[in-house]
Every structure is written in structure tokens, then in C-alpha cells.
């Protein structure tokens, strides 16, 4: 009986230890930047991108064809003529997330994007979820974009019957499956382009993004001319500038917020930047600025040319120009939509192999995803695998029903990045990345100390020279270690009370945001409304989702 109870106690202890080990693996943080690991293992990406390349990649991935349709839907149902203000509010909210990405990208310039930041600041378990959420987001988003190119090409050529037979959609009898060869072929073309090299693919992205931006500028300039010539009919409304009230304007900003998603793909190319500490914040900031200006210009013009209730929800821009007799503008708008879809597709496929590469470096995926081709200096194997999977998905499945899962991945990534910034500032790990300005100061101080040590060594002879040579050698070794790992700061342990206070504050802020979000999504809430000078409580206010 005693032996049996002792063996039972030992098994309980072993079970507890296993649970403790699992929990420790979930909250385990990465201590060394992946870029330094790749430097030691001789797996390096080509450092060929500049700030201009980043802006082209970011703008192309952010401005999709949705803006050509979204302005009509949001103006008709939510914002009305105040659509430009909705884009402004959404741009400010997206810029806050972009600033979080910019700060972490400067301090942790590695190819993992939000996965890498979460692994450093939060832990391995959450980072694993974020990594797969990003892969799911970009795979489904890329497949959805690819299937959206076929109808736009058909519209440009004059109808579905004008498409070549090998590009036309076909319905498989008996299975009720509509296959899209054009979408699969486009994804294969983008995959081959990405395998050639990052510089060539960024050049292609720059070209198609320039065409898309020129199309949007055409809409703003020509539409502005028509508005000043014939009067801004859309703003001459009896119910004013806010027909749906201020609540409608904010509801519109919540919808158009997803038009700014895509800038996070920039951070996945951090290891391929010539100067990531300088160019990453610049590229992210310019991307958000350009996208916000273009969105606001187009929305201001379109809702001014035609009253918001008369906009076509499917083709708002083309119908607005057609009402002024400018039917030929449809071809320019269609070219802009096709190039926007192609740029968005390239921006969706580009980050996936780099996220997989970062996860493979950390041992969470097979090492095949971490292989980098020595000629093109890109992860060719990972690019081909992700491209074939996305092509098969776009060929066989109508993934528009799964497009809502893209929002889940984006929400998870944005949330963990914001939490990572709080942790890095107030509850930092024992080894955390240094800001670039502080690193430059450390490097300059090390160089000055090295020069002074050499001068001091030349002034002394005899036995003291050997002593100083040993000190200089030690300082040089320390400096070389710091230069080998320039982004790692070995911090002195902080006071436990301050760290606990900051940790509880971050946890309470996250819990408060969760409660507020859950409350705002409830169907029945009390409302205060004025009645005879007093504010009375009216229950059971229905808020449609």
C-alpha cells in the first residue's frame, strides 16, 4: 500500500513537471535576433532594397481593387458625403498600428514580422499562433485577389466570351465547382517572379503600383475638373454633410479601415534592406501617407460628382464618370483595378515564405523552409511551396466565403504587435533589442575608447605594456561581441516591483479593451436620449452587427 502510494506520488510529480515544461515552452522568449543566427549559419538574404522599394511594395500591397468598389458601398450605407473624413479617421487608426510596427522593425529587423516580434516579447506559443494566422491571412487574401482578376480582365476585353479559352472559368459538372485557370496561372507567374530575386520582383511591383497610382490620380484630377465645371452636385443635399449622423461616419471608418491593411508586409523584408533602421520607418510612414491622400482624394471627388444614394454599389467610379458622358474613362479605371489586384497579389505572396523561413530557423517548421538559394538569395523552396498551395486554392475553391478569416489574422497580428511594444518598453526581456540611435552612440563610444586605448598603449613601455595590451584585447573582444550582436542589449535586472506594476497595468488595459469591444458588439444596450430637457434611459436599443 505504501509502495503504491509512493509510485502514485512520483507519477503526479512527473506529470506536474511535464505540464510545467509545456508551459515554459509556450512562454519561452527568443533571446537572439534571427539575423545574427543566419549570419552564423551563412543563410543570408540579399540586402538590395531601399526606401523607394519599400514604398512601392507597401503601397501596392495596401491599395487593392477594393477602393474602386468600397467607396460606393460605404457612402451609400454609412458615411454619405463625409466619406473622406471616414478615410481620415481610419488612416489615423491604421497609422497608430503602423507606428508600432515601425518601432519594432527598427529594433528587431528580421524577416519574421509580427511573428518575430511576438516571439521576442510575448512567447513561443503566441508567436506560433500569430505566424500561422499571418500565413492563413495572406494565403486566403492572395487567392481571393487572384480570383478577382478574371472578371476585371473580362470587363476590360469586353465580356467573358472574349477571354481566351484557357483563361475562362469552367464549371465541373456534377461537383458544382467553378475552376479558375486564370487565377492559378497568375499566382504561378508571381511565384516565378519572386523566385528570380527580390530586386527584380520589387521592380515589377514598382511598375504596376505606379500604373495604379496614376489611375487613381486620373480619377481625382479629371473628376475634380468635372466637379468644378458642372458643380458639386453630391454636396448639395438637403440633409447636410452627415446624412447618417456622426455614428454613420465612424461606422464607415470602421469598414474602410481594412483598406489600409497591407503595410505590414513591408516588415517581412527587413533582412533584405540596405539600412533597415532608417528605411523601414520611412517606408512605412510614406506608405500610410500616400495611401491616405489617395483614398481621401478619390472619395472626395466621387461623392461630390454624384449624390451618395445614386452611386452604383458595384461600379461606383465608372458609373459616376458615365453620368458625365466620359464612358472612355472605364478603360483607365479597369486598368487601374487590374494592376491594383496584381500588386496586391504580389504583396500577399511575398511575405509568406519569409514568415515560414523565420519559423523554420526557430525550429517550429522543417528546415527546408529555411533554405536560401545561393544564386538568387531568396527562399526559393518556401516560395514555390506557398505559391503552389495558393494556386491550387484559387483554382478549385471560391475562397470569398473564407475572406472573413483574413480579418481574424490581421486583428491577432495588430493586437500582439501593440502588446509587444508595451512589453518592450515597460516589461522588457532580459535581452532586448536596442534602438538604432542608442546603438550608434554605443558604436561611436567604442571607437573613441579603442582609439584612446591605442594612444595610451604607445606611451607605456616595459611590463606595463603587457598589462595594457591585455586590457585592450579584452575591450576589443567585448566590442567585437557587441558588434556581432548589435541589436541585443544585455540589461541589468530591473526592480521587481516596477516590472510587476507595469505587467499588471498592461494586462488590465488589454482586459479593459476586450470588455469594451464585447460590450460594443452587444445587440441590446441602454441609450440616453433627450426628452423635455432631461436625459431618460431607454433600454433595448438594437445595434445591428
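Using N, Cα and C of the backbone, Cβ positions are placed for all residues, glycine too.
These features come from TrEMBL:
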TRANSMEM  49-71  transmembrane segment
TRANSMEM  83-102  transmembrane segment
TRANSMEM  114-135  transmembrane segment
TRANSMEM  170-195  transmembrane segment
TRANSMEM  207-228  transmembrane segment
TRANSMEM  240-263  transmembrane segment
TRANSMEM  284-308  transmembrane segment
TRANSMEM  328-350  transmembrane segment
TRANSMEM  378-396  transmembrane segment
TRANSMEM  402-424  transmembrane segment
TRANSMEM  502-522  transmembrane segment
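328-350 is the stretch from 49-71, 207-228, 240-263, 328-350 with the greatest number of Cβ pairs below 8 Å to the transmembrane segment (170-195).
Away from its own ends, the transmembrane segment (284-308) comes close to residues 51, 54-55, 58-59, 62-63, 67, 71-72, 75-76, 79-81, 83-84, 86-88, 91, 94-95, 98, 101-102, 105, 213, 216-217, 219-220, 223-224, 226-227, 232-235, 237, 243, 256, 259-260, 263, 266-267, 316-317, 319-321, 323-324 of its chain (Cβ-Cβ under 8 Å, at least six residues beyond either end). Pairs of Cβ atoms less than 8 Å apart link the transmembrane segment (83-102) most often to 240-263, out of 114-135, 207-228, 240-263, 328-350, 378-396.
Distant neighbours of the transmembrane segment (240-263): 58, 61-64, 66-67, 70, 73-75, 78-83, 85-91, 93-94, 98, 101, 284, 287-288, 291-292, 295, 308, 344, 347, 407, 410; these residues of the same chain sit at least 6 beyond its ends, with a Cβ under 8 Å from one of its Cβ atoms.
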